[in-house]
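Chemist: My questions will all concern the structure given below.
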């Protein structure tokens with residue numbers, strides 16, 4: 001049965017940021033944790049596969065409003081897939097991450113989308129398809145056009161990135177955050193509660209059509 005995620009939640013106290021939950025989904029070793037660590041700590045290193053789920057929090061300051069982003073990094077191994085579905089609950093956004101050098105991971109991202117579609121009503125969740133590891137372009141198995149066309153066919157946001165080179169990592173999370181705030185509506189200035197504040201004073205990258213149709 002589909003569950004209602006609703007819009008990002010705003011605190012009842014005046015001036016508090018919206019709170020949104022974002023889940024990272026994808027096969028093992030596609031770079032979900034690397035993307036999260038690069039975004040949160042500007043750090044890149046070889047990491048062990050995630051067991052269960054890792055959790056990060058960051059407050060994004062847009063000047064007139066702010067958003068507290070709760071980032072849930074889920075395990076990609078098949079044996080954890082049923083557990084990962086538990087982390088869908090209450091999600092407002094999802095990154096479907098694949099490795100551009102592994103066609104199978106692209107297909108797996110499509111399966112994760114099917115799982116999301118079973119859990120949520122259309123338009124309830126902001127979804128971005130993310131092709132990681134553009135630094136390994138010579139080993140590419142999934143073309144940019146393939147990713148773009150699939151995203152367009154499903155009304156998803158789409159970007160390619162490299163956690164290793166820090167290419168478009170911030171843009172991915174910031175674009176999703178801006179989409180979440182747009183949906184929630186700008187209700188005036190907000191004050192971050194906790195976490196690291198990051199200014200989003202740049203124009204978002206060109207995006208595909210609205211993800212998970214409105």
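Using the three backbone atoms N, Cα and C, a Cβ is placed for every residue, glycine included.
The following feature annotations were taken from Swiss-Prot:
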MOD_RES   29  phosphoserine
BINDING   31, 32, 33, 50, 76, 132, 133, 135, 163  GTP binding site
BINDING   33, 50, 73  Mg(2+) binding site
MOTIF     43-54  motif 'Switch 1'
MOTIF     75-91  motif 'Switch 2'
REGION    183-204  region 'Disordered'
LIPID     211  S-geranylgeranyl cysteine
LIPID     212  S-geranylgeranyl cysteine
Chemist: Could you tell me the mean pLDDT over the motif 'Switch 1' (43-54), as a whole number?
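Modeler: Mean pLDDT for the motif 'Switch 1' (43-54): 58.
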Chemist: Can you figure out which of 29, 31, 33 (the recorded positions) comes closest in space to residue 73 (Mg(2+) binding site), comparing Cα atoms?
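Modeler: The smallest Cα gap between residue 73 (Mg(2+) binding site) and any of the recorded positions is with 33.
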Chemist: Provide, as an integer number of angstrom, the distance between the C-alpha atoms of residue 133 (GTP binding site) and the residue listed as 'phosphoserine'.
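Modeler: Cα of residue 133 (GTP binding site) to Cα of the residue listed as 'phosphoserine' measures 11 Å after rounding.
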Chemist: Mind telling me which of the recorded positions 29, 33 has the densest Cβ neighbourhood, counting other Cβ atoms within 10 Å?
Modeler: 33
Chemist: For residue 163 (GTP binding site), what is the secondary structure by DSSP, using just helix, strand and coil?
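Modeler: The residue in question, residue 163 (GTP binding site), is coil (DSSP, three-state).
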Chemist: Measuring Cα to Cα, how many angstrom lie between residue 163 (GTP binding site) and residue 29 (phosphoserine)?
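Modeler: About 12 Å separate the Cα atoms of these two residues.
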Chemist: Would you count the other C-beta atoms found within 10 angstroms of the C-beta of residue 163 (GTP binding site) for me?
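Modeler: Counting Cβ neighbours of residue 163 (GTP binding site) within 10 Å gives 27.
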Chemist: Are there any residues in the same chain, six or more apart in sequence, whose C-beta is under 8 angstroms from the C-beta of residue 31 (GTP binding site), and if so which?
Modeler: 97, 99, 132, 133, 163
